[in-house]
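S.K.: OK, Swiss-Prot features for this one:
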type: REPEAT; residues: 23-67; note: repeat 'WD 1'
type: REPEAT; residues: 71-110; note: repeat 'WD 2'
type: REPEAT; residues: 258-295; note: repeat 'WD 3'
type: REPEAT; residues: 318-359; note: repeat 'WD 4'
type: REGION; residues: 372-391; note: region 'Disordered'
type: COMPBIAS; residues: 378-391; note: compositional bias 'Low complexity'
Amino acid sequence: MRGFSNEIILKRTLTLSDFTLRYHKRGITALQVIKAPSVSNVPVLLSGDNYGYFVMWDLVTKRPITHIEIEGNSHIIAFWWVETTNVLYILSKDSMLRIFELDSSTQLSIDLVRKLSQANKTDHLQWTKIYEMPINTLNFANFIIEAEVKPTKDNKSYRLVCCHTDDSETIDIYQIIEDSTFKLKRPFNNINFPRFLKQQNFLGISKDSKFGIIMRFAKLNDVIFLGYENGFVVGFKITFDEGLQRDIAELVHVSNDHYPNPILDMCVSGDELYSCSTDDFITKYKIPVNLQLETKYLRDDALLIKCPSSLRVSEPSKVHLPLKNIGHIDKVKDDYLVVSSWSGMTIVYNMRTSEVEQTFVKSKNNLVVSDSSMGDLTNGSGSNTESSSKSHNYKVGAMTCLESFDVQSDGLRLGQLRRIKALAKCNWCLIGYEDGTIKLNKI
């Protein structure tokens, strides 16, 4: 699929959206589908925009459940919901990570569908801000929250992996202890993987070369992945080092297939990691669930980093697409890869058949009258190329997917069950646009 044929394929597979969610007045910047049993017995959608509005949506009624307005109306970059404690982490462009707790005394019944009349009210759930801390957000990177391996019975403990406060090429790892006082520790400060790789002469990387800022984080099992501005992807896990008698970062993955282009997004599915950039392909890495135990390591105790002496650059498989400048990716079931480009196009790609099955766009419909004697209406561009579509398609600010799921019918009336099954039986692609709308599309 190359050249003009790409345009024919994309136009032929254009698909209308099934639903539109309207509440945001500014561009959507973050989307995530989560399970929140304390709020709903079906998945809910989280959305954020560039004016500091966070919204939790009921996907059955297509209405907001609750919202938060970030002080200063700061651009929301990413969020993370911790289901076990009803705590929400929101990272904003003002370089602050704010942590909110959902007041348990005002939560909805777990059987939300019996209270559909409440679904259009956004003030019946109360959020309490319990902490805030500075994080470097120069790069618009997201962050990772993971449960500690050994929580205690008296409190819950989590790791926060994020950009270092000052150096956007390095990371910090915090330990968050959620008890009556909410404690915060920083066992890892300024972990510098680029410096380590250059010291070890990995790939013959010049000591003067720059990895650039960290663009994205992803997590697969116990491995955290960092995508850099220069196209490198680094994966590590936290392991206990007998010699130092403390935890250190162990490198288990290095790849550079997008070099020198920046990593724009990453996602995981099963034991696979997917990454994208300004190229016209997606890379797919198969990550072993149980990594082999090693006996020989390269290490720098000052940096608190080690890697197996056998570590080599990972060889991926590539999925070539009729789009480039791919800003968002997600995986649905086993076969479908969903990608959004800077042009405003989102495609559903069947990896088994190597075909584009659906294309979603939201057009600005800027119609102009041609001076030609033939007299036609156009969208203001005489070109059918992907690059020209940037001017007449709304940009995609965020994209995520929801896979079909099973429904527990206990206690549901027939009408309620029908509405939930209509959502549950399908796979969905949810796209947030720069005009503040969120489109729901059946896959």
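Cβ atoms here come from the backbone N, Cα and C positions, even for glycine.
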S.K.: State the residues, same chain only, that lie 6 or more residues beyond the ends of the repeat 'WD 2' (71-110) and have a CB under 8 A from a CB inside it; answer 'none' if no residue qualifies.
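M.R.: Non-local partners: 29-30, 32, 34-41, 46, 48-54, 65, 118, 124-137, 140-145, 156, 158, 160, 162, 178, 182.
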S.K.: On average, what pLDDT score does this prediction assign to the repeat 'WD 3' (258-295)?
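M.R.: Summarising the repeat 'WD 3' (258-295) by its mean pLDDT gives 91.
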S.K.: Let's see if you can do this one: DSSP helix, strand and coil counts over the repeat 'WD 2' (71-110), in that order.
M.R.: 6 helix, 20 strand, 14 coil
S.K.: List the helix, strand and coil residue totals of the repeat 'WD 3' (258-295) as derived from DSSP.
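M.R.: Tallied per class, the repeat 'WD 3' (258-295) gives 0 helix, 16 strand, 22 coil.
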S.K.: On the DSSP side of things, how many residues of the repeat 'WD 4' (318-359) fall into helix, strand and coil, could you say?
M.R.: 0 helix, 26 strand, 16 coil
